[in-house]
Every structure is written in C-alpha cells, then in structure tokens.
Amino acid sequence: MVESWSFLDTAESNFRPLVVIELAKGTKEETIEWFTKRIVDKKVNGGAQLLIKPLVTENGVENIYLVGASHLRLLLGAETVGLVKECSDNSMRTFTYSSRKTFKHFADDNHDFLTMAECQYIIKHELENLRAKDEKMIPGYPQAKLYPGKSIVRRLLTSGILVQIFPLHDREELKKLCHSWYGRVKVGYQPLDDIRCYFGETIALYFGFLEYFTFALIPMAVIGIPYYMFAWEDYDKYVMFATFNLLWSTVILEVWKRICAILTYRWGTLLMKRQFEEPRPGFHGVLGINPVTGREEPVYSSFKRQLRIYLVSLPFVCLCLYFSLYVMMIYFDLEQWALDYHKENESNFSSLMLYVPSIIYAVVIEIMNRIYRYAAEFLTSWENHRLESSYQNHLILKVLVFNFLNCFASLFYIAFVLFDMKLLRQSLATLLITSQILNQFAESLLPYWLQKRYNRRMKKRMCSTKTDADLSLAEQITMEKEMGTYLGTFDDYLELFLQFGYVSLFSCVYPLAAVFAVLNNITEIYSDALKMCRVYKRPFAEPTANIGVWQLAFETMSVISVVTNCILIGMSPEVDALFPDSKMDLVLTVALVEHLLLAIKFIMAFVIPDKPRDIQMKLAKLEFESLEALKQQVRAFQMQL
C-alpha cells in the first residue's frame, strides 16, 4: 500500500457523527483537551486520527462529544480490522485499500460502501486501542494512574470521567427496519441481512438462530400434541417419540452449523482472520514485555489467577450450588404440604393450591439465576483474565453450571429419586410456562413500558410533538443517552439453552413442552426486535463466525437428553414388565440402547458436514489463491536478492 496513515487529514467539511462520547459533568478542561487531542492525533503519534466535535445546544456546549471519521480513514480502518467484502467476481475477500477498485459497489464518492454499523465498529476499535504512552496519570486527575500500554478509555471509565460511549441510531434506516421486521404480524422469515447491516453479525446471528430453532421445534410440537391427547399414561408408546426427539436434537444442531456457515460466508465474517488477541480492557498487572509480540503490556501471574479460581471462585460456586439444592428441598416440603392440604379438603381451591409451590419455586429460580449472574460476573472479572475469550468462557461455564442445576435439579430428583411421573409432568409444565412469562415481562415488557414513559416525559420537556424521525440531533442524543444499554446476547442464548433442556431432557413425559416453546419463541422474536429498536441504545456491531461456545452447550445438553430419556423409558411399568425375572437384564438393555443411540448421534454428527459443499470449495479456492500470491511474493523477493 503506497498510502500511509501520515497523509490523512483529520479535518473534513462533511462531518457525519457516528459515535457519542459522554463525559461526566464538571470534567476538567485540561482532561477534555488531552483526551480530544489523543483522539484526533495521527496514528504515528499514538492517536486514533478520528474527527471529534462538541455537541452544542441552546444551553451552550454540553459534556457530550460526537466522533466521526473521514471516508478515507474509515477505508483504512476497514483494512486494519480485517473486514471482508464482496468482490466484482462475486467472491468474498479481505478488504485492502490498495485493491479497493476490485470490490463490488466501490467508488471513491460512494460513502455507503461501508455500512454505518461497520463504520461505528471501526471507530470503537480505534478508541479502545488508544493506549497511554509516557503519561503517568490522566491530566487533571492525579489519582487516575496510567502506565505505558494502559487503555485510556478503560481508565477514564473506571475513574468516572467517561460516562459512556455509544453509537448513534440512524432514524430513517431504523424506521424502515422496524416496519419490515416487526411492524406487521406476518408468517415469514426475518430480514436477517437488514438486521446484520444495522446491528452487526452477532445480533443478526442470534435472531437467525432463534428463528431456525423455532421452525425446528414445529415437528416436535406437531407430533407431541397427539401423543399428549391419546397416549398420556402409556409410557411404552413414548419410545418412538423419545427416539425421534433424540435424533431430532442431533440433526437440528448439525444443520444449524451449515446454515450458520452460509450466513456468515455471505456476511464475510466466516473469512475474517482472528487477529492476535489484545489484552481485554479490564486486565491489569505489572507492566512487562509480551514474549510473543515484544510489546509492553500488563503482566499478571497465571499462578495467582489459578489460586483465585480454585481457592475462591470454585468454593463460592459450590456453595451456591448447595444453596440451590437447599432451596429445592424446601420446595418439596411445600409440595408435600399442598398435597396433604388437598387430601384433607378435596375442593377446587385445594386443587389450585397444588400448583402454587411450583409457581413460587419457578419465581425463586429466576431471582436466584439473576443474582448469581451478577456474582459470577464480579468473580470472573476479579480473576483477571488476560483475554476477552478466556473471560467469556469462564463466565459462561459458571453461569451454565448453576443455571442447569438450579433449573433442572428438582426435575431429576422427582424423576430418579421420587419416581413420581405425575409430579414430574406438573413441575416441568409449571417451570417452563412460568419462566417464559417472567422472562417476557422482565426482559421486554417492563423495559419497553419504562422507556416509553421516559420518552413521553422527555418530549413534553422539549415542548415538542415531533416524531422520532423529526427530532433534531441534540434531541435525539438527549433521548438515546438515557436509554438502557444492551448487554449482549448472553441472556438470550441462555434462555434458549434452558428452553432446549426443558424440551429435550424429559420429552417422553411432557410432549407439549415443544408446543409452549414454539408459542414463546414466536412472541420472543417480536418482543426482542422491539427491545432492540425501541428500548435500548444501539449496540456496537461485533463480527462473529458462529454462536461460539453455545453450540457446544446445546450439543452437551442433547447428549444428556439421550441418557435421561433412555432411563425414563426403562423405568416405565410397561418396559419393566418385559424383564420380570432379572432387573440386571433391564439395566443392561437400557444401557445398550443408550449407547446405540449415542453412537447413532455421533455418526450423524460426523456424516453431516459442518459447511455445504459450495462453501467448502470457495474457501479452498481462496486458500489456494493466497498460497499462490505468497509464492509470487517470495519469488519476487528472491529475484531482488
């Protein structure tokens, strides 16, 4: 590339605000001057080489700044973050500024070549990579210490100087997306490509998985209804249903990998090369030299981290698991009390009281899950993981273990200790339906109502009857900065994971679980879409090639479901009657069937390719062309010698 960062001009007449920075009220002038200078400084001087302007309102200059970038700066940033775009020959390639003319729809005057979400992602990347050089502290705040390599944005956030950074909504594009996405009730697919262009690949992939999972549940729901209506107590008739469930859970997860590959190839993220992972902003330690990169960065002893994990985090998690089991035993005491009350009274009221303990327990489970989530985040952050991927893996592991035990321990206890299938059906139905109602209320309805009330109050204060699309930039920012922050897809995937457990673990006991899951997911698509567009600030786009560790979590759940369903079928009176003389034969037969089903499951996972044939060929072709280009560069270098 002939051009370099140094020739870029930081001034641009047509300034387009993309990202908002809100500083705390009363922030010292020298701090503002230093921070804005670092943002506009050239890359060679350690700056981000972006554009920044203060937001000027009727009351004067606010503590809010708008960040943008020149078109040329964004193109060079696209190369830095490794964005993949479509070429004129319909192939997908990593964007480089030197070969920009070969990409489809590129023109020097076409500022729509990069989507707004991609531009905001580039700016976020540059701001997060602003590192301290020789500064020992943040100017004006001697208590806010700095050292070479420390993330400036992270230090400003932890010091309370920087309130928040968020990307701006595009009101016109948002209005179009709302109309095509959830503006009208229709039977059809979601506009995933439009969602990806506006919110990025991570969120689009979640909605793609939610839609796919909902459609995949329909066969289970259709088959489950007649089983529920005509074969409620005949567990031997559930053998075929349970077998179908086990094969179904394998097929849908393998087919999803293929669909995921098709989507992410089209979006370009399947080809994005994973760069050497930088230390996460929250990582801290003594300044040292990274032996791989040779750069200065914080260094923290892995031995100390392991001590924190095994001496503090692990005992805490075990204590929480014990507390969850203790609460479960209280629930069973309540169940026994309700049953005794019903036997004494035999009334309609006493019949309703039979469901009260399960409802209370479902509410307690949701409360415990949310409290534990905050504790797990604090502990994982305190463990001081260097990489964001390591932090996420440890957090997900903590949360999944607790949620699995908290949500399913009572069902396992009822099934395999109490051997009470009627109570198992009742508890499963109550836990599933109650958790779905609580999640819909807590995650969508309540935040939407609070945000709508706030927006109405703000518009009255502005003495304005304008629609959202007619708001001035200052009014738009004033409203958006008070909106809630979307914390990512973690909770959404967790909800689907638990739902998958309710459907698959005890399918032969409660076939209607899939029906309620489908109904919930249909409303979930619309409520989550409303939440993303109207309740929360616009999140930064995050490229991703798959659903990550959640794929492994779902596959693990499907393996556990094989074991539970085989044992439940083996416990049925009809199957038990086939082995009147030897229970050992029954156990061995159930174990044999379970191993056979697991073998079929793993064979199917091996036989079904993760990527379609055409995607494999395109990836192989790109790899071949990259090797050929590298060989030509080596030959050219050798000829120069």
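Cβ coordinates are placed from backbone N, Cα and C, and glycine is handled just like the others.
Predicted, not measured: the structure shown is a model, and the values here were computed from it.
Pulled from TrEMBL, these are the features on record:
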{"type": "DOMAIN", "residues": "195-621", "note": "domain 'Anoctamin transmembrane'"}
{"type": "TRANSMEM", "residues": "212-232", "note": "transmembrane segment"}
{"type": "TRANSMEM", "residues": "238-256", "note": "transmembrane segment"}
{"type": "TRANSMEM", "residues": "309-332", "note": "transmembrane segment"}
{"type": "TRANSMEM", "residues": "352-372", "note": "transmembrane segment"}
{"type": "TRANSMEM", "residues": "395-416", "note": "transmembrane segment"}
{"type": "TRANSMEM", "residues": "496-519", "note": "transmembrane segment"}
{"type": "TRANSMEM", "residues": "586-608", "note": "transmembrane segment"}
Same-chain residues near the transmembrane segment (238-256), Cβ under 8 Å, at least 6 residues beyond its ends: 209, 212-213, 216, 219-220, 223-224, 227, 231, 500, 504, 507-509, 511, 551, 554-555, 557-558, 561-562, 565-566, 568-569, 572, 597, 600-601, 604-605, 608, 610
For the transmembrane segment (496-519), distant same-chain residues with Cβ under 8 A (at least six beyond the ends): 209-210, 213-214, 217-218, 220-221, 223-225, 227-228, 235, 238-239, 241-242, 245, 249, 400, 403-404, 407-408, 411, 415, 421, 424-425, 428-429, 431-433, 435-436, 550, 553-554, 557-558, 560-561, 564-565, 568-569
Any contact, the transmembrane segment (395-416) to the transmembrane segment (309-332), with at least 3 Cβ pairs under 8 A: yes
Positions whose Cβ lies under 8 angstroms from the transmembrane segment (309-332), at least six residues beyond its ends: 357-358, 360-361, 364, 368, 372, 375-376, 379-380, 382-383, 394, 398, 401-402, 405-406, 409-410, 413
